[in-house]
Amino acid sequence: MAAVVGVLALQGSYNEHMAALRRIGAKGVEVRKAEQLLGIDSLIIPGGESTTMAKLANFHNLFPALREFVGTGKPVWGTCAGLIFLADKAVGQKTGGQELVGGLDCTVHRNFFGSQLQSFETELSVPMLAEKEGGSNTCRGVFIRAPAILEVGQDVEVLADCPVPAGRPSITITSGEGLEDQVYSKDRVIVAVRQGNILATAFHPELTSDSRWHRLFLDMDKESQAKALAALSLSASSNDADVGSKNKAPDLPIFE
Ligand code: GLN
């Protein structure tokens, strides 16, 4: 049965994700309510404006259900604002911050590359994507008031990074926990990662005609379904073993 990909449709580029899924023959459904998460195999959280999206998600009481969905191990992909949603920690937020879904062991900076005016496109080196989905070793990265990932945990695989644009004002990372501020001083910054069932990109593949990121995500879906099936047949065979042992004649006489 074809996997059903949910696309969180509160705000932002969900139509573009739906169109990208249609182009590769995948079934996408728009998700606006918690109960709709029960009927999908994987979820895309699109780009947009993460504060607005968080307000809408709060209004619809979606955060607990989204966290639960991430915890099921089903694939989840956040693009841009969606990446911010999935990060365990976000810096560069408006005062008071915003609620996050979390699950992705990283620190994200919300507007790392600057304001809307500093939006840009660039070629990104993506050897892992090319290895898995074929095609060129690079992809077009569309960065719109984009976030970037400053730090990742050890279980996070970095799929792409990019040079920090020259002349970009230095970023001070305030922990907010009484620890010292740090200045981001590296010359490259992470823009695509995978951690188990979670995929995250700081840029917008849904705005290009390169469908390899969507294909990669569908492949994660297939992997997770295969795992679920294997787990099911394993538990069925261990049940069989149990039944077998129950049916086996006891070696000792049983006195009643
Ligand atoms: N920086 C934006 C935010 O904070 C995200 C931009 C995007 O999704 N294109 O939400």
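Cβ coordinates are placed from backbone N, Cα and C, and glycine is handled just like the others.
If you look up TrEMBL, you'll see CYS80 marked as active site, nucleophile. Among the features that TrEMBL reports, active site, charge relay system is placed at HIS204, GLU206. Marked as L-glutamine binding site by TrEMBL: GLY48, GLU49, SER50, ARG110, ILE144, ARG145. If you look up TrEMBL, you'll see 237-256 marked as region 'Disordered'.
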- Message: Counting across all protein chains present, how many other Cβ atoms fall within 10 Å of the Cβ of GLU49 (L-glutamine binding site)?
- Response: 15
- Message: Take the mean position of the Cβ atoms of GLY48, GLU49, SER50, ARG110, ILE144, ARG145, the recorded L-glutamine site. Which other residues of that chain put their Cβ within 8 Å of it?
- Response: GLY12, GLY47, CYS80, ALA81, ILE84, ASN111, ALA146, PRO147
- Query: Counting all other Cβ atoms within 10 Å across every protein chain shown, which of the recorded positions ARG145, HIS204 scores highest?
  - Reply: HIS204
- Candidate active-site residues CYS80, HIS204, GLU206, pick with smallest Cα gap to ARG145 (L-glutamine binding site): CYS80
- Within 10 Å of ILE144 (L-glutamine binding site) (Cα-Cα), which of the active-site residues CYS80, HIS204, GLU206? CYS80, HIS204
- Note on the structure: Nearest to GLU206 (active site, charge relay system) by C-alpha distance, among the binding-site residues GLY48, GLU49, ARG110, is GLY48
- Message: Over all pairs within GLY48, GLU49, SER50, ARG110, ILE144, ARG145, the annotated L-glutamine binders, what is the largest Cα to Cα distance, rounded to whole Å?
- Response: 13
- Using C-alpha atoms, which one of the recorded positions GLY48, GLU49, SER50, CYS80, ARG110 comes nearest to HIS204 (active site, charge relay system)? CYS80
